[in-house]
């Protein structure tokens, strides 16, 4: 008996939460791509102060991420957390225009702290909570999470081009567009009726779904060289790249005759990149299964180094747009490669913990310091000289990671050797 024939086409939860992804990432795209431009051109912050704002966002993210993770697990399929995030997103425009902006102009630290708390909660930490919730719904409602997640790429891409046009007319329109989209988010939550899977309910009652994880096993992770080498890659490559990308929009628009023209071009380039991102995201598992997770991470590192170093030598708008498009290759290879690496090298029962601590937490923690450092360097020596330093560092860590990251074959060989040693005793 086939129970999954009409899994997606006739599954209301697939379409409801696919649209939820679309709208949520649409709203997120009213913030992040244009935030550095808004901070510099509208608020008048220098690059050092912009770096402080991004550092506060990272600090808030690492504070909220584990808390929201625990709350999300306890709530299960209850929509309480999604309602809180959606209501806060409805206040997106009022907060930015009437709280965040005045505070930034009055006191950079108060403004950065308030913006960091808000953006860190609804976006940096909230996105993980939403993704975890919808992934749970997908398992209970029998649809593929990855296919629903692709709606998010389309939402981000659509908003990037629309927002780029509106930003040139009146930046406040972009924020009000985000608040309006939040109303549709709340409407989706009203009609969404995720139901627990009956089999899962029985298994939970029997205790069969309880993870066999202890605090000792978690702490033992940090005694493993493999864990620290993975964290080295995450901080030295992925984190540095994120810091580079934070203020890239400000650098990008300097290649155009007017800031408005540059903002519009950045929006269109982001849209094209997100469409390519969605296509490559769909194909990336097929590629990664053939080349292996370690090689995928190394390729991602080379792509990131190429974009950063290339940006330091860019002299025309065409060159900087082409370099921007490399982001569409990097994102799928890094995200899918990281998950494949974690599940292939470490105990799969600890995969969520490793991803939270070794990837998200490590990256956000390092970004607190690197964002402020990069912002200061932009002011002191300029974008391109700083990019050359960052790019060479990323390239160096990628080369080192070729020798320090583990492959599945190396893990299997080590396990086999350990088994033979045990038998010989």
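In case you wondered, yes, glycine gets a Cβ from its N, Cα and C as well.
Going by the topological domain names that Swiss-Prot assigns, residue 80 and residue 407 belong to one and the same side of the membrane. Tertiary neighbourhood of the transmembrane segment (228-248): same-chain residues 36, 47, 50-51, 54, 222, 297, 300-301, 304, 307-308, 311, 324, 327, 330, 334, 338, 341-342, 345, 354, 358-359, 362-363, 366-367, 370-371, 374-375, 378, 383, 387, 390-391, 393-394, 396-398, 400-401, 404-406, selected by CB-CB distance under 8 Å and a gap of 6+ residues from either end. Listed by sequence, the residues of this chain that lie at least six past the ends of the transmembrane segment (268-288) yet keep a Cβ under 8 A from its Cβ atoms are 29, 33, 146, 150, 153-154, 156-158, 160-161, 164, 252, 296, 321, 324-325, 327-329, 331-333, 336-337, 340. Distant neighbours of the transmembrane segment (108-128): 24, 28, 31-32, 45, 49, 52-53, 55-61, 63-65, 67-69, 85, 88-89, 92, 95, 99-101, 360, 364; these residues of the same chain sit at least 6 beyond its ends, with a Cβ under 8 Å from one of its Cβ atoms.
Segment contact is absent for the transmembrane segment (172-192) and the transmembrane segment (298-318), given fewer than three CB pairs below 8 angstroms at sequence separation of 6 or more. Segment contact holds for the transmembrane segment (386-406) and the transmembrane segment (298-318), given three or more CB pairs below 8 angstroms at sequence separation of 6 or more. The stretch in 14-34, 81-101, 150-170, 298-318, 354-374 that contributes the largest number of Cβ pairs under 8 Å to the transmembrane segment (51-71) is 354-374.
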